[in-house]
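Going by TrEMBL, these are the annotated features:
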BINDING   Leu12, Gly13, Ala14, Gly15, Ser16, Val17, Gly18, Ala19  NADP(+) binding site
BINDING   Lys106  NADPH binding site
BINDING   Glu191  L-homoserine binding site
ACT_SITE  Lys206  active site, proton donor
DOMAIN    355-435  domain 'ACT'
Amino acid sequence: MIEYRNLRVALLGAGSVGAQVVAQLQKHGDELASRVGAGLELVGVAVRDIDAPRTAEIPRELLTTDAESLILGADIVIELIGGIEPARTLIMQALTSGADVVTANKALIATHGPELFAMAEQVGAQLYYEAAVAGAIPIIRPLRDSLAGDHVQRILGIVNGTTNFILDRMDTEGQSLEDALATATELGYAEADPTADIEAYDAAQKAAILASLAFHTTVPIESVYREGITAITAAQVEAARSAGYVIKLLAICERVTDAEGIDGVSARVYPALVPRTHPLAAVHGAKNAVFVEAEAAGDLMFYGAGAGGIETASAVLGDLVSAARRHVVGGPGVAESTNSDLPILPIGSVTTRYHITLLVNDRTGVLATIAALFSDHGVSVETVVQTVGAPSDDGTPAPATLVIGTHEASEAALAATVTALSSIDTVRSVTSVLRVEGS
Ligand code: NDP
Ligand code: HSE
């Protein structure tokens with residue numbers, strides 16, 4: 001039986017996600033109310049243009065362009081506008097006025113999270129953001145609550161659906177990156193301007209959020225090393241396939257000890273070779289997955305839809321129910337824990353394995369020269385595969401392609417090796433350098 005007063009819910013934004021939040025509240029509002037123990041009254045929906053077409057029927061009297069007034073008196077504010085401003089100011093105003101806030105805004109949490117969390121703690125409010133990483137997949141709450149008693153060692157995440165779709169198409173259909181991007185745009189996965197996806201800004205924001213939570217340390221977005229997928233070629237995808245790998249854009253958050261023995265955190269995003277036997281290799285299309293390695297729990301994988309209006313609305317509504325329950329039951333909010341305060345280590349401190357592809361002159365002693373160069377830089381070679389093409393019509397020998405797999409080496413040592421390789425005569429070109437992750 002519901003005894004508590006109705007809770008006043010203000011929604012900011014009624015686009016892809018916001019409209020589906022309204023639709024789900026219209027459909028399941030009574031059921032959610034009985035779960036919470038209080039009615040959830042949608043008091044208004046702030047938008048930019050009241051007459052814009054919507055994917056859900058929203059009563060016109062609920063629509064307003066005055067978000068600031070709507071916030072006043074709300075118990076819970078749901079921010080689904082996106083971007084930094086006015087979302088940041090509106091969330092600050094909502095928290096200051098005592099409301100709990102639910103947001104899906106990864107850009108804002110990744111860049112202004114500490115300021116927002118500090119404000120929430122100061123006023124005793126709660127900021128929820130389950131939908132900010134990997135859409136419908138529960139990953140924020142598992143990291144913050146379920147794994148709070150464990151030690152997360154590493155996270156490997158496929159957290160951008162658009163790039164996973166593109167790389168999957170290149171792998172399974174043999175499409176070029178340009179054609180796969182065009183298909184992603186046609187199907188509505190990629191934005192008109194896909195820069196944030198293919199240059200991995202979106203994945204980097206999510207990496208910053210995941211690393212901060214997993215390692216109880218503020219990880220600023222500027223400290224996340226980032227490489228997008230634009231340089232990935234069909235030839236690299238094909239070579240990866242032949243060698244038993246698939247190329248995935250990974251957000252990697254890891255506890256790392258550098259050469260000086262300093263314990264810290266690495267957060268980075270780049271396309272990497274993933275063994276086809278790894279669970280992340282089976283994540284196809286625009287799906288997302290987050291693979292967590294924890295000291296006691298072992299390996300865990302969270303999989304599902306990383307985007308989509310109704311899918312993302314599921315995570316938003318889960319947060320809404322949590323916020324509403326806290327109003328009914330009372331008690332303090334859960335502060336973000338940054339107590340570990342670990343140093344963020346630069347990419348040069350990271351160690352991983354690599355596959356380097358070289359085009360070399362097929363002459364006596366070339367292999368020995370190249371092997372010595374790796375050894376001089378402290379990089380241990382694990383595998384070497386050489387293929388030689390047919391000589392040209394005039395009898396000139398074809399160059400050989402060498403694919404060299406390394407044991408674990410530091411990024412700094414690998415970078416120095418690649419520079420040295422590029423400078424010797426026998427190496428015509430370094431055609432590909434890819435990291436190997438998940439093995
Ligand atoms: P949309 O662009 O579809 O919708 C944005 C909404 O905000 C629109 O309704 C727009 O109004 C409204 N709006 C914009 N500016 C203002 C303003 N100044 N005042 C009031 N309202 C304003 O965004 P999405 O629904 O796609 O995304 C919302 C959030 O969810 C973002 O933070 C995004 O990163 C996140 N997210 C989205 C996912 C997705 O699949 N779409 C997945 C995971 C997270 P109007 O309609 O009148 O233009
Ligand atoms: N552009 C993002 C993606 C949307 O492709 O995954 C979800 O954050």
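Yeah, the Cβs are placed from backbone N, Cα and C, and that goes for glycine too.
Predicted automatically and left uncurated, TrEMBL annotations should be read as such.
Shown here: features listed in TrEMBL, placed on the structure.
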residue : record                    : CB count, 10 Å
Leu12   : NADP(+) binding site      : 28
Gly13   : NADP(+) binding site      : 24
Ala14   : NADP(+) binding site      : 25
Gly15   : NADP(+) binding site      : 16
Ser16   : NADP(+) binding site      : 17
Val17   : NADP(+) binding site      : 23
Ala19   : NADP(+) binding site      : 24
Lys106  : NADPH binding site        : 24
Glu191  : L-homoserine binding site : 13
Lys206  : active site, proton donor : 28
Distance-selected recorded positions near ligand 1 (C-beta under 6 Å), from Gly13, Ala14, Gly15, Ser16, Val17, Lys206: Gly13, Ala14, Gly15, Ser16, Val17
What mean pLDDT score does the domain 'ACT' (355-435) have in the model? 93
Proximal residue to Ser16 (NADP(+) binding site) among recorded positions Lys106, Glu191, Lys206 (C-alpha distance): Glu191
What three-state secondary structure does DSSP assign to Leu12 (NADP(+) binding site)? strand
Under 8 Å between C-beta atoms and at least six apart in sequence, can you list the same-chain neighbours of Gly18 (NADP(+) binding site), or say none if there are none? Leu11, Leu12, Val45, Ile78, Leu80
Could you state the CA-to-CA distance between Ala19 (NADP(+) binding site) and the residue listed as 'L-homoserine binding site' to the nearest Å? 19
Of the recorded positions listed here (Gly13, Ala14, Gly15, Glu191, Lys206), which is spatially closest to Lys106 (NADPH binding site) when Cα positions are compared? Lys206
For the recorded NADP(+) site formed by Leu12, Gly13, Ala14, Gly15, Ser16, Val17, Gly18, Ala19, which further same-chain residues have Cβ atoms within 8 Å of the site's Cβ center? Leu11, Gln20, Val21, Val47, Leu80, Ile81, Gly309
According to DSSP, does Glu191 (L-homoserine binding site) fall in a helix, a strand, or coil? coil
Spacing of the two Cα atoms, Gly15 (NADP(+) binding site) and Glu191 (L-homoserine binding site), in whole angstrom, works out to 14
